[in-house]
Structures are given as structure tokens and as C-alpha cells.
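The structure appears below as C-alpha cells.
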Amino acid sequence: MSRVRVLIRPKAGILDPQGQSVERALPALGFEGVSHVHVGRLVELDVEDTSQVAAMCEQLLANPLIEDYEIQS
Amino acid sequence: MSRVRVLIRPKAGILDPQGQSVERALPALGFEGVSHVHVGRLVELDVEDTSQVAAMCEQLLANPLIEDYEIQS
Amino acid sequence: MAKHRELGLTDYEYDLIVSKLEREPNEVELAVFSLMWSEHCGYKHSRPLLKTLPTEGPRLVLGPGENAGAVSVAPGLACAFKVESHNHPSAVEPFEGAATGVGGILRDIFAIGARPIAILDSLRFGEVSTSARSRYLLERAVAGIGHYGNSIGIATVGGEIYFEGPYEQNCLVNAMALGLIETDKLIRSAAAGVGNIVVLFGAKTGRDGIGGASVLASAELDSSEDKRPTVQIGDPFTEKKLLECSLELLDRGLLVALQDLGAAGLTSSSAEMASKGEVGLDLDVRKVPLREEGMEPFEIMVSESQERMLCVVEPARVDEVLAVCARWEVDGTAIGVVTDTRRLRVFEGTSLVGDMPVTALVDECPTYELSPAEPATPLYPAPPVVLTSSDPGEVLVALLGSSNVASRKWAFEQYDSIVGSRTVRRPESADAAVLMLPSGDTDPLTVLYPDGSDGARPAIAVAIDGNGRRVAADPYRGAVEAVLECSANLACVGAEPLGLTNCLNFGNPEKPHIAWQFTRAIAGLGDACRGFGIPVVGGNVSLYNEGGEGPIYPTPVVGLVGELPDARRAGRLGFLAEGDVIGLVTA
Amino acid sequence: MKFGIVRFPGSCDEVDALVAARRVGEAELLWHGDADLRGVDAVIIPGGFSYGDHLRVGAIARFAPVMGEIERFAATGGLVLGICNGFQVLCEAGLLSGALLPNTSLKFVCRQVGLEVVNASTSWTGACSVGETLSIPAKHTTGRYYAPDPVLDELEANGQVVLRYRAGENFNGSARDIAAVSNPAGNVVGLMPHPEHAVDLLTGSADGLKLFESAARVPA
Ligand SMILES: Nc1ncnc2c1ncn2[C@@H]1O[C@H](COP(=O)(O)OP(=O)(O)O)[C@@H](O)[C@H]1O
């Protein structure tokens, strides 16, 4: 079993309203100098066969039309 | 500017229906041998001062009652 | 292939553009023309037929031609409503496609100044019991509609769903919205007042939904992946702010004209505002706030980024307008000016990058005669026979369990049907939704009836209906039946119809048998409306709905708004109390 | 009794709460950006999707300027009711214990639910009686009440569990069927169901009015 992490984020150019909201909120809390905020999803899983993870991302974990993903294992 | 990633996941022991739903869906797509699936959030941001990120997590990005976070920079 | 063909323009149309411009169009102009002369904006194959629909009625306030139509529902109060399709985007990305469909129809309602109060949806998918793809489309489309309507705080009070084979490749997602407005506050979309300022407000502009026009950038497309057009993503949070901001701007009397940006974005909104006002507009694409760097002028003109509005403001009021935008955390930017040129001129900074006569864009889009021919053989395979048992008990259970009869609770429970505190009949409690009208004693659009008030509570009722299978069997009668069924739904709660909207979902009208379906259905729709004395206040046409296996069932969807004198007497489904008498009424 | 109802960007049920409150007293809207409660006697944080529920429900709204005033107001015994998103905001702000997690179904659900009154001595339930059932609609995606077990024990021991879902009505999976909790003093209450949508029989039920009547009874 290997522990794998999948990081999923909105594709470049795709509207990311959550990222915008966080970027707006941070200065109000006194955190300056923050930019390019994006909010995505994190999926953690134990897999027997890590070679399958990319296919899982394409089919289920991410929506390839609007999201990019990155696999950390 | 440094690019920082914050990985936020449900605290151990708290029911994670999103993780469960992914775990149930995978075998139906032909992916066997997957367990301990958890779904959380990914926040990516460019910051001038990386020492501030922990405070941002505590105050805004994560809710320590229900979530753990990890900073990757 | 020539670029104009890739953009969907015929050689004939291209030559017509050249003759109208008296030169070859440049990239920006070609993009603008291709959108304005598309079926979606130009109604090339439907305009002459739509003209046959009756649009007059004693309660009509606003007929077809504006962003939404409206009927009078109480002294000084109008109900605006319209239905629109988002079929193709939903087939590509069902969640975002359905969500942005709701967002778009809501903008149509508040673009005329009305506060949206309700949403309905009409959905068609392939057979869910056998098709995983249809199940996926259903789940995601319903989730998308719920997400948008729930998040923006507008009640989704009704709708309908059918599952039939012909929709397998081409699902239908139609959304209807209703709003209320004091009649004297209606705002038009006609730009007016030479020298007045054009202000764009709402979300930033990205490369969303650039679709066909991306061929204009095809050189770069191969080299740099991020120039690719992107799927439209809806953001109900931004739209909620946009809605409140628009209504506040109108309430303060700050606007001369207002228009939403729908399909074809800045292009169609600016051209239509100019056309209606018989004026010209100069726009500077450099001033448009962008989400992405390096967008070309034509990309800015055709972008379908959601949650944006365009308004015309007197120069002295611009600062006030921008202040209201700022208060609602909405970007507002002056991007242009009203001129007397009757031309749409696009600038990039100081250089002129597009210059087109407004009449050519809007009024002179060619229309085409259809060549209808009744097919000699059935177009659709007979639906599969699934019940073979002769045991009535078994048949009943099988029927109740079939996808087209089963309860819709799974779907409508995902919709907030009560926000607004006016929903007297929720889904499944009656054949039509019943919504109380404001009492007028406080904020005129707020419902507040003091406890124990005995007075009648005037209300409106709304329903949406369509049955593609029956229209496929007989387009004329099927369309008539859609109006009948919808009226019957209103009658069941005690309401009388006041006005009708429709969405005409059909296949490729250039095929004679589709043209026949389309022509016959519109004739049926018109006759039924005339028979009832109901005006058609607006609608939408969605053509070319075809999958690999052929056209969808011809699916005119009808939305009716009616009035009932007292919500306390609204009919309901189900037997309420023991001892009540059950009657059967027949003709 | 004057109620103030906070309007955040993305609030949806604030006008409904305003209209409901006007049935028992005066009411006006408060703007999220103003650190000013305009002298109201009770504050309602309404339902909706403040800041689009972005990042995490209630996470961004809790930092609005008006929230600082509400924290001070609550600390001095001022009446505060958080409905749905308002409940989420109050938990995020630490005015109430616990957090709201996604429904176990992961779906938005809009449904009339039966609620049992557990504590009828808070500022917002004084007009109810213990054991009584209130029929009130609930509608949310993120309404599963969670707190660690020791915290739940403490809430129960202190009478801070105010309302529970009746058997079979807990569709979101809340711990111990909890639908509403209060702070120890009982002046701050949060609940997921929407009492402001249950103030008129014609729209389904008038049971929610009791919460507003309860507040109106509290001497100013
Ligand atoms: N099926 C129809 N029946 C009646 N009117 C229609 C129909 N389809 C479109 N219309 C009217 O034509 C006008 C232009 O439609 P459309 O381009 O969909 O509006 P919008 O500019 O808001 O997208 C609208 O006023 C609409 O009501």
C-alpha cells in the first residue's frame, strides 16, 4: 500500500471564485502581499498500484475539462 | 514571492462522507485495492513572507476543530 | 477552410458582410458578425415563424423583444418571465452548463429591473435506467441548477423531467425564471443619449466559451495551450452581488438602459442596445477588466464570461454608479460612449479595430425559408415495450417504478423551494407552484401579511410543460397539448393563465422533416394560445439538437404564468382530511 | 423590541428574517461593512451563502466589521440568533461551540422537519415548552453539527442543546440529533432549520414564529 496525494486545482484561465474570495479576505485580516490564490481539492488515498492513480484522476477524482491535477506519492 | 501550498484535510476520526463516496465509486470503475480515502482542500498562494502562512491557516484557511493542515513551500 | 466557414458563416453570408462593410471584414468584425448572424442571435431559421405567434393580451405589459416579457399581475405590479435553453453547454459539462443556464435566465429577469422570485426547470435525458451517461448528466445538471438557484437565494419551485432514448446524446436543460417589478420601474435595453457612458459591471472577462471564434486565434492555439477557450463557470455569489447592485442602481434612478451579457457577450449586448436605441456605440476593449492576460480584442468582444451587465449612464451619474458597484464589491468600469453614428466601433486604446453598421449586425441578418416536408416513414424507432405482464398489480408496480413515473423528490429536494417566504404550493403539493404576491403594506416587493389578516391573498401560479414524444407523434397536436396541459395545471390550483413563454428545442431545421416538425409545432402553439387568448411574451429557440442517432424528439416547452384571487383557496394534490368528499369532473 | 438582521454579500434569507421579525417587533437590516448595530435589541445572522460559502462555510463572514460588534454585544448579554449560514458563522466566530460539516448525503436538502424543544429557557425559546414539536423547514448542504464528544457531553449537561431533530428527521447526520445549540448564558442561539420560513400557515407552518416571540418577550 502506498499513500498517494492528488492535488486538484482549477485550470489556468478557468474562473476560480473561491480563490478570489480568499484573496480579498486576507488583507482585511492584516495579511498583505498575497496574490494568485487558488482553491482546489486534495484527495488522499492508499493504493496498491500507484500506476492506476492517473486513470482515477481522469475518470473520477478530477474533471479534466476544468481542472488540472498533480499526483504526489 | 514564494509559491506556497496548504493541504487541508478532515481531522482523523471525523466522518468524511466525501472520502467514503470516492472510495465506494472507485471499484465500480474497475479500480480495486484503494482504501483510506479522504477529501480535503488545497489552497495555493504566492506570498511575500512565508512565515505568515501558519497564522493564515490558523485564522482563516483551516478550522482547527475539524481540520489538520500542512504547509508545503 | 476559409475562416468564415469555420465560424459558421456561409459564402453567401460572407459576401453579404463584405457588401455591407464595402470591404473585407477584419478579425474583430468577422468574429462579431459570425456571432450576430448565428442561429442563436439572429434567429435565421425561426424569425419568420415566431412572428406568427400571438403577442397581444389585455394583461400584457412587455412583449417579445426585450430581455424578458411581462404581464400585469396586480395594479401597478408586473410579473416578468422567460424560459431559455442551455442544452449544448450542459451536454459538455452538465453541472456548469445547467448552473450557467440558471444564471443566464436570472440576468434576463433583472435586466428589465425585476427582482427574480422563482426558477423552474425542464429537463430531458436518455433512459436513466439503462444509461450511465444519462444518470451522470441528470445528477450533475440537477446539482448545478440547485447550486446556482440555492446559492443566489431564489426559489426553484417547479419543473419537469423526462427520460427518452432520443435525448441520450443531446440532453435538454431549459430554465425558466420569474420576477416581480412595479410596472412604472421597468427599464429598457435601448441605449440612448449621445455622449452617455457605457458601463460594464460584474465579473472580469476571461476566455470562457469563446468556442467557434477560437479559430481566429488558431495560429497561437497550436503553440500555446492556455489560449484555448474554456468552459463557462458560473459563480452565483458574484451574480447575487450583481443582482442586488443592479436593483439598487435602478432603484436610485441612475441608469438610462440596462442589458445583460448572455451568449455572445459584449458583442450582442452592445449591438442590441445600440440597435434598439437607434444610436451608435464606441467601446474600448482595453478598458474591459480582464481575468487573463494577453486577450485579443476579438476574444474580449466574444467572451461568454458569466455574471456581467452593461448599462448606459449619464456622464454626471457615473461616479455614483461606480460607488454603488464598489459597495456591492462588483467591478464597474466605463468602457464606452453612446454616439450618433449608428455604428458599433471597437477601439483598442486609440486604434480602431472594428467598425460596423449596427443595422447590418442586428436587423439585416439574413433569414432563411424552411422547406418543410412531412416524412413518409416514422422518424423515431418505436419506444421499447417494457411491460409484458398481464397482472395489473405487477403492471402498476412496474409503472410506478419506471423512470418517467417515479417520484421527482430526489431532484426537487435539492432545490430551495421556499426562500422568499411566498411559496404556498411547493413541488409535489400541487400541479402548479403557487406564489403569494406582495401585500404592498411595506416594501412593495415583500410579502408580509399581518397575523390573522382575513383578506384575500392574491397570488400567481406557474407551471412548465412539454411532451416530446407526443409532439413527435403529431407536432401540431403535441404543441397544442403542451399549452392545454400547462393550462390544466394552472386550473388545478385555481389559476387563470395570463401569459406564456416557450423554448423551442428541435433538431436541424435545414432538414425538411425537422422543418416540418418545427413549422407544425409553432402553428399548434400559436393556435392554442389564440384559442385561450394567452399572449406569448417571449421565449427562446434551440435548434440543431441532434446526436449520432438522429434528432431529439421535437420538444416545445411551454411556461405559463397565471393569477389566482386568493392563495388560501389554492388547490392541492392529495386528499387533505378524512371525510372530505371526492368528486370526479369530466367534460 | 428592535431586531437587526445582518446582510452579508451572499446572504439570501435576510429579508425573510426581517419580515418575520416585523411580526413581533421592529426590524431593520444591518450592513456587514458597518461596525454599528444601530441600537438594536437583538441581532439575527440570517441564512444564505455569505461569500458564496467559499473556502469553508462561514469562514469569511466571521471577519466582517459588524462581527466584532456582535461579539461585544453577545458578551454583554445581547440576544443573537444565527440561522443556517448564521449558525455556521457563529461557530466559526467561536460564539458557539462546534462546527457544521457537509451533510452525510453530500447533497443540498430542502425539507420540512420536526424539531423537539429541549431547552425552553434560552432567550430564543422562552415561548416554547420543553418536549413540544416545532415543524420548521431546513435547507442546506452543510448542516451536520459536530463537536468532540466531551464538548457534546458538556453542552448536554449545561442545557445548551436547544433543539433536536425528531426521530428520523436528522437528514444531515448531526451528532446526537442536535439541531440548535446555545452559549452557556442562553442569549446566543444557532440552528440549522429556518424559523423565518415558518411564520405563516399558508406557506407551511407558523411554528417558527415562536422563536421570534421568545426574543420579543425578553425585557430589553
Ligand atoms: N420561441 C419564442 N417565442 C417567442 N419569442 C421568442 C421565442 N424565442 C425567442 N423569442 C424572443 O426573441 C427575443 C430575442 O431572444 P434571445 O436572443 O433569446 O434573447 P436574449 O437577447 O435575452 O438572449 C426575446 O425577446 C425572446 O423573447
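Quick reminder: no glycine exception, Cβ is built from N, Cα and C everywhere.
Annotated features in TrEMBL:
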type     : residues : note
ACT_SITE : D:CYS84  : active site, nucleophile
ACT_SITE : D:HIS194 : active site
ACT_SITE : D:GLU196 : active site
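In sequence order, D:ASP13, D:PRO46, D:GLY47, D:GLY48, D:ALA138, D:LYS139, D:HIS140, D:GLY143, D:LEU191, D:MET192, D:PRO193, D:HIS194 are the residues near the residue listed as 'active site, nucleophile', counting only same-chain partners six or more apart with C-beta under 8 A. Cβ-based neighbour count (10 Å, all protein chains) for D:GLU196 (active site) stands at 31. There are 27 other Cβ atoms within 10 Å of the Cβ belonging to D:HIS194 (active site). DSSP assigns D:HIS194 (active site) to coil in the three-state reduction, outside any helix or strand.
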